[in-house]
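To start, the structure itself, in structure tokens.
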DNA sequence: TTAGGGTTAG
């Protein structure tokens, strides 16, 4: 188990023996011996006057704790201000008041402030209670510091508190967030030993973790066991709208739309009414997979059931329209949501900026980007990335680089997406040196390249005749664990070497990928066949074609065309016809490239006569047959 | 006063 090396985590290294230097820090929350508790009052008040029994007067502090903290409608400065006041009050407000404030901060994801406020609490001699510790433990989990959360759990137990389902649910989430799914599952089943029954929220958290980890089938099994009440996974709670929603969303994201719809019907059959989240998730899936009519019908059903579309629903619809290039209707939808009193958020603006970029309306995209701040949001990395990508895709690298520089000037940290977009843009324009310099800058900015970055680099370097540079990066990757070598990376290099007529090196790479446990795909085979054909090694090319079929890798239209072109150049009409028959048997339709190959073949005088023999049984599409017949009549 | 779900970029 590895603990994070942050300042706070180091406080937990020796919980039994806190030193005087750390007793005022977070760790002291867990040591009653180090804290001299100050008395706390039984009600939160800032007023010296007793409230009137008939007209309760709420002080600003009470209003802040009971209203703002609950709704999340407060600024950090306000929280800091009230916290400092509370801590100095005499008598000190009850811990429940501090918990309200800490809970509000945690809900607003101000985790680091929860940590610092907890340190201040203990250094002021106040003793956190069970709820405080649960809030703290949950915050540790949310910042992927399960190690510290477990120390908090241990201390909680030592202080005589019995961990509740809330405690365990936080820990399950923490394990899931650290990709420790098996440990999360074990904890779920262990809860019972602590005489704590998992609740539907614990199960929802577990199901969500399983889904995110790609273990949808296990999530479905747990959900089914919940429905059956058979005690599987040690749980006895029934599924609810949230558990159904999580699985429906996952199935949609996995493209299993029909299964998602079935589950949606099942929940309704069981009397669990879908809410706006479930409808939005399913509508998103339906629109994403182009099932527009069904999506529209579901939207109508939702409204008919009295469920109002919310901000996320509108964002889903705006994104769907943008993907279709219908940015005009998207903008109309934006006006409609504002008219309905729903304020657009950064998701809305980023989606619309992307929509404008997709249809090439870069000025409109830029204009909207510049109005984000005046609309109450601040552009984030996604906003910048969307715009940079828009410029790169439209060959406007100069503008893209300007946006990148503005991004850095404004203190928005570029991400790997930023660099991938810029690298692609630079390579597209053949600016290899600039791309290489940007790759170096990416490293100085401490942005880790992703597998996509390496794919872009290797692919584009090869295509720009920089094979040695590509190989240098490849060798670095071979000797490091920073990025897994993939079939795509090998394909880029194989393609480069085939085109450079260095077939032997391409062969070496082809064999190397198998040794590394990678399975060549249809692109690998097609490229190798292409390379062999160029070198006139048709027999070997045909052998590889048969080998790929034998290994269960189905040749596609590109593979067939590549090999047919090889045989065509070798004037081997019989072999081309054989391949056309094979294509027909495999239900593969010839494309324009196939037609041109056949026409080229026929245009050779010696083939024309032969053509008359096999044309009546020609296994090709009507378009290809028509082309051939045209050629015949013309000839 | 503490725990779970849906929307944007390569």
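The backbone N, Cα and C atoms fix where each Cβ goes, glycine too.
TrEMBL lists A:10-19 with the feature compositional bias 'Polar residues'.
As annotated by TrEMBL, region 'Disordered' applies to A:1-25.
Feature annotation from TrEMBL assigns repeat 'PPR' to A:129-163 (among others). Across the repeat 'PPR' (A:129-163), mean pLDDT in this model comes to 95.
With a cut-off of 8 Å between Cβ atoms, the residues of this chain six or more beyond the repeat 'PPR' (A:164-198) that come close are 130, 134, 137-138, 140-142, 144-146, 149-150, 153, 156, 205-206, 208-210, 212-213, 215, 218, 233-237. According to TrEMBL, the feature repeat 'PPR' maps to A:164-198 (among others).
The feature repeat 'PPR' is assigned by TrEMBL to A:199-229 (among others). Nonlocal intrachain contacts for the repeat 'PPR' (A:199-229), taken as residues 6+ away from its ends with a CB within less than 8 angstroms of a stretch CB, comprise 165, 168-169, 172-173, 175-177, 179, 181, 184-185, 188, 191, 235-240, 242-244, 246-247, 249-251, 254, 270.
Here TrEMBL flags A:240-274 (among others) as repeat 'PPR'.
Within its own chain, the repeat 'PPR' (A:275-309) has Cβ neighbours under 8 Å at 241-242, 244-245, 248-249, 251-253, 255, 257, 260-261, 264, 267, 316-317, 319-320, 323, counting only residues six or more beyond its boundaries. What TrEMBL records for A:275-309 (among others) is repeat 'PPR'.
TrEMBL lists A:310-344 (among others) with the feature repeat 'PPR'.
Secondary structure of the repeat 'PPR' (A:345-379) per DSSP, as helix, strand and coil residue counts: 26 helix, 0 strand, 9 coil. Per TrEMBL, the feature repeat 'PPR' maps to A:345-379 (among others).
Long-range contacts of the repeat 'PPR' (A:380-414) within the same chain, counting only residues at least 6 positions beyond its ends with a Cβ under 8 Å from a Cβ of the stretch, are 346, 349-350, 353-354, 356-358, 360, 362, 365-366, 369, 372, 421-422, 424-426, 428-429, 431, 442, 445, 447. What TrEMBL lists as repeat 'PPR' is A:380-414 (among others).
The repeat 'PPR' feature in TrEMBL is assigned to A:415-449 (among others).
Long-range contacts of the repeat 'PPR' (A:486-520) within the same chain, counting only residues at least 6 positions beyond its ends with a Cβ under 8 Å from a Cβ of the stretch, are 451, 454-455, 458-459, 461-463, 465, 467, 470-471, 474, 477, 527-528, 530-532, 534-535, 537, 548, 553. The feature repeat 'PPR' is assigned by TrEMBL to A:486-520 (among others).
Using a Cβ-Cβ cut-off under 8 Å and counting only residues 6 or more beyond its ends in the same chain, the repeat 'PPR' (A:521-555) has close neighbours at 487, 490-491, 494-495, 497-498, 501, 503, 506-507, 510, 513, 562-563, 565-567, 569-570, 572, 575, 586. Taken from TrEMBL, the feature repeat 'PPR' applies to A:521-555 (among others).
Summarising the annotation, TrEMBL assigns repeat 'PPR' to A:556-590 (among others). Note: the repeat 'PPR' (A:556-590) comprises 26 helix, 0 strand, 9 coil (DSSP; helix = H, G, I, strand = E, B).
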